[in-house]
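Taken straight from TrEMBL:
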type     : residues                                   : note
BINDING  : Asn39, Leu41, Gly66, Glu88, Asp114, Asn144 : S-adenosyl-L-methionine binding site
COMPBIAS : 336-346                                    : compositional bias 'Polar residues'
DOMAIN   : 46-237                                     : domain 'Ribosomal RNA adenine methylase transferase N-terminal'
REGION   : 331-354                                    : region 'Disordered'
Amino acid sequence: LCLMAAPGKVAAFRLPPLPTIGEIIKLFRLKALKQLSQNFLLDLRLTDKIVKQAGELKNAHVCEVGPGPGGITRSILSAGVEQLLLIEKDARFIPGLQMLSEAAPGKVHIVHGDILTYKMEKAFPKHLKKSWEDEPPNIHIIGNLPFSVSTPLIIKWLENVSKRDGPFIYGRTQMTLTFQKEVGERLTANPGSKQRSRLSIMAQHLCTVENCFVIPGQAFVPKPEVDVAVVHFTPLVQPKIQQPFELVEKVVQSVFQFRRKYCFRGIETLFPENGRLKRTEQLMMTANVDPTLRPFQLSMSQFRNLCNAYRKMCDEDPSLFVFSYREELRQKKMTRSSLESTGQPEQTEEENQL
């Protein structure tokens, strides 16, 4: 199938006639592996639509994550990119991608590797670097991610955004990625929404996050049990919470620890048992946050106040930041185990919930 340009537009680059994605799958006997949560997107109108969400790609440098049989890859090449880096973990897809590489001489570089460990700092030419305050560089990350890797990968990249390293060493690199519909809703959820979660805060305090459109599950082979959201990220010039990533993550994670309870219940887990109540009250008062709000009701400015107040307390007592509530529970449990003969209670409600 030759990929034609849209009527009335002159394509900057046109792939020569190639087997269809379905034929590639048959030719190389490719089968989506359930344990890797793989799902193929064969409809080129949908792959074109995903690529369109990335913005203007003419002469851009693009990294595609997990190209699989190469559906989105064809749409990216047809958009007239300068260079395309493909990072694919599954060796079965490499021969089909090499066929695409040969059809676009000099444009495609294939890496057989894991995106979670690949060093993105060296993925693109140095001359593309832009200052953080400038417009985003002409670099894009695009990917139809396996569900099993999508959440850990976006958390890793959000940490990179915070530290301005990895793919963001070049500036405010934009990303267009797929997630389970529910994860897409969490990434963009507003205060008060039941989908509001740790992911909402971590993404929105660092990026402008847009839920572009939803692809029905039946468009994929094999059909997943859920629909798929296409989400676009543009890093912000100034994060909404100006504290280290690890500190923000610890506070946000603690708040959402008991998402159905009042927020002070999760905030308590930031402090050791000795003095817990007093310190929790101090933090809530300094941050001016109503302790009876549920975690999903808190606004971004309230999370910012909590993080700033917690940072001040950590500066005064550095042992606070390394305190682990889970470790404290584990130690208590071990102590209880050694005293089982004295008829101590089996498990606390907190231990059960965690």
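Using the three backbone atoms N, Cα and C, a Cβ is placed for every residue, glycine included.
Bear in mind that TrEMBL entries carry predicted annotations, made automatically and left uncurated.
Shown on the structure are the features that TrEMBL records.
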residue : record                               : contacts (Cβ under 8 Å, 6+ apart)
Leu41   : S-adenosyl-L-methionine binding site : Thr47, Ile50, Gly71, Ile72, Asn144, Ile215, Ala219, Phe220, Val221
Gly66   : S-adenosyl-L-methionine binding site : Ile87, Glu88, Lys89, Ile115, Gly143, Asn144, Leu145, Pro146, Val149
Asp114  : S-adenosyl-L-methionine binding site : Lys89
Residues Asn39, Leu41, Gly66, Glu88, Asp114, Asn144 [recorded S-adenosyl-L-methionine binders]: greatest CA to CA distance in Å:
21
Pick from Asn39, Asn144: which of these binding-site residues has the biggest number of other Cβ atoms within 10 Å of its Cβ?
Asn144
Within 10 Å of the Cβ of Glu88 (S-adenosyl-L-methionine binding site), how many other Cβ atoms are there?
23
Looking at the domain 'Ribosomal RNA adenine methylase transferase N-terminal' (46-237) alone, can you tell me the average pLDDT?
94
